[in-house]
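> Taken from Swiss-Prot, the feature N-linked glycosylation site covers ASN38, ASN175, ASN314, ASN360, ASN455, and the record attributes it to sequence analysis. Annotated domain 'SMB' per Swiss-Prot: 59-107, in sequence order. Taken from Swiss-Prot, the feature disulfide bond applies to CYS63-CYS70, CYS70-CYS102, CYS81-CYS95, CYS81-CYS83, CYS87-CYS94, CYS95-CYS102, supported by sequence analysis.
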Amino acid sequence: MWTGYKILIFSYLTTEIWMEKQYLSQREVDLEAYFTRNHTVLQGTRFKRAIFQGQYCRNFGCCEDRDDGCVTEFYAANALCYCDKFCDRENSDCCPDYKSFCREEKEWPPHTQPWYPEGCFKDGQHYEEGSVIKENCNSCTCSGQQWKCSQHVCLVRSELIEQVNKGDYGWTAQNYSQFWGMTLEDGFKFRLGTLPPSPMLLSMNEMTASLPATTDLPEFFVASYKWPGWTHGPLDQKNCAASWAFSTASVAADRIAIQSKGRYTANLSPQNLISCCAKNRHGCNSGSIDRAWWYLRKRGLVSHACYPLFKDQNATNNGCAMASRSDGRGKRHATKPCPNNVEKSNRIYQCSPPYRVSSNETEIMKEIMQNGPVQAIMQVREDFFHYKTGIYRHVTSTNKESEKYRKLQTHAVKLTGWGTLRGAQGQKEKFWIAANSWGKSWGENGYFRILRGVNESDIEKLIIAAWGQLTSSDEP
C-alpha cells in the first residue's frame, strides 16, 4: 500500500515539474517568435536595445517577479516587450526603457493599461492623425486611431479576377497596373469614349463583299499575315476617352495601305481627329464614329508620325495644330507643317464615305479577307478590363451588391481576323481577333479574342468599313 502511495506522489510531482517547465518555456518560445522578425535585436546586446527611444515601461508601469500581462507594444520592432523582472535575462525581451526606469526608480507607478500612440497603423507603419493613404481607388483618413475609407467600387477587383480564373470561362483575367487606383466609373469614363451609334448610322444599308457565296473561308485568318507591313498594331489611348478616334484612324490606315498595294503605309493620327474634328467635338471626353469618318472624308488626316499623341491630353484644349485646303481636283493639302517638326511629310490622307458591313458572320469574314480590317462597335462590361488571354465572353459578377458593380458602355475596336480552337470539352470554339487601344501590355500584345458567331457583347451588331480616297496618280 505504501509503495503505491509513493508511486502516486512521485507521478504527481513529476507532472507538476513538467508543467512548470512548459509554462516557463512559453515565454522563451514567444521570445523566439518575437525576435524572428528582427534578427539584429536577437543577436544584440543591451547596448543595441538602447538605440530604440521611447517611453514604454514609463507609461505602462513595472511589475515584480513574472507577470505575462505586464506587456506593451514595441513599435520599433512591430512586436511586444515586457516590463516585469522575468524579462531581464540573457536573451532579454524587456522594453527598451526597462533598465533605465524599472531598475532605477525606487517607487514604480501603478500598473496601467497598455499605452498606444495617437494615430493609426498600416502594415507595421505608424501614421499621424489626419494622414491620408490610398487603398486602390479609395482614400483612407486616419481619424480617432481608426482608418475611415471611401467606399468607391474599384476598376481592379481581386474577387472578380479570382472568379474568372477559377471558373471554366475560356479566358484568364489579370490585375493591370495602369488600371490600379481607378474607380469603375473612371474606367468607363476615360478608357472607352465611343458614343452610342446615331440613328443615321444604324439605318445605313448593309453591303456584302463581292466574293462568291461558295468561297472557301479558312479556319484561321489574320490580316497581317496576308498583308505584312500594311496593317498597324494597337496604340494606347491612355486616359483619353477616344476609342472612336483610335479605331477609325487605324482601320482607315490599313485600308489605304491595302488599296494602294503598300504605296502608302503610314499609320494615321488619332490625335489629328481628337484635336481637329471640330463640330460637336468632345476630344478626350468621347466622340462619335460617324463624325470621325466624316472628317476623314472631308478634311483628311496626316500620319501618326506627323501629328503624334500629346503626352498631356489637356493640350487638346489648345485647338487644332493642322489644317488643309482643297486643290480643286479632289485632293486636300496641308497648310501647316507637322506638329512634330522632325517629320517632314504632312501628306493628307482621305477616305470615301463609310459603309456598313452585314452583321452576318460569314459576310464579315469575307469583307476582312477581301478588303482588310473593319471597325466594330461593342458593349464593354466591367470584366473586360481584366482580360489577359483566351476567348472572351462576359462573366457576370457574383457580388451580393451586383448592380453596384455592373456597368455597360460603347467601345470601338478593329477586327483583324478570326480562328477556331478546341475547347476543354473537345467542342469547337470560334473567335474573332480584334485590336484594342489600351497598349501592348494589355491582353494578347494589345489584341483580344472574342466569341464569334453569337454576337458576344454586340461585337457583330455594327460593322463599319471605308475605301481609301486615292486619285489616279496615287494608285499603283
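Glycine residues also receive a Cβ, built from the backbone N, Cα and C atoms like all the rest.
Describe the structural context of each listed feature in the structure shown, including burial, neighbouring residues and relevant distances.
Look at the domain 'SMB' (59-107): DSSP puts its residues at 13 helix, 11 strand, 25 coil.
Summarising the environment of CYS94 (disulfide bond), the number of other Cβ atoms within 10 Å of its Cβ, over all protein chains shown, is 23.
The Cβ of CYS102 (disulfide bond) has 23 neighbouring Cβ atoms from other residues within 10 Å, across all protein chains displayed.
Sequence-distant neighbours of ASN175 (N-linked glycosylation site) (same chain, six or more apart, CB under 8 Å from its CB) are VAL156, SER158, ILE161, HIS386, listed in sequence order.
DSSP assigns ASN360 (N-linked glycosylation site) to coil in the three-state reduction, outside any helix or strand.
Counting only residues at least six positions away in the same chain, the Cβ atoms of SER359, LYS461 sit under 8 Å from the Cβ of ASN455 (N-linked glycosylation site).
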> Looking only at the domain 'SMB' (59-107), what is the mean pLDDT?
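The answer is 78, the mean pLDDT of the model over that range.
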> When the Cα of ASN360 (N-linked glycosylation site) is compared with the Cα of each of the disulfide-bonded residues CYS70, CYS81, CYS83, CYS87, CYS94, which one is closest?
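Answer for the nearest of the disulfide-bonded residues: CYS81.
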> Write out the long-range same-chain contacts of CYS81 (disulfide bond), meaning residues 6 or more apart in sequence whose Cβ is under 8 Å from its Cβ.
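Within the chain, CYS81 (disulfide bond) has Cβ neighbours under 8 Å at TYR56, VAL71, THR72, GLU73, PHE74, CYS87, ASP93, CYS94, CYS95, PRO96, TYR98.
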> Using DSSP and collapsing to three states, where does ASN455 (N-linked glycosylation site) fall: helix, strand or coil?
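The residue in question, ASN455 (N-linked glycosylation site), is coil (DSSP, three-state).
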> Could you tell me which of these disulfide-bonded residues, CYS63, CYS70, CYS83, CYS87, CYS95, has the greatest number of Cβ atoms within 10 Å of its own Cβ?
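When each Cβ's neighbours within 10 Å are tallied, CYS95 tops the list.
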> For CYS102 (disulfide bond) and CYS70 (disulfide bond), determine the Cα separation and express it in whole Å.
12
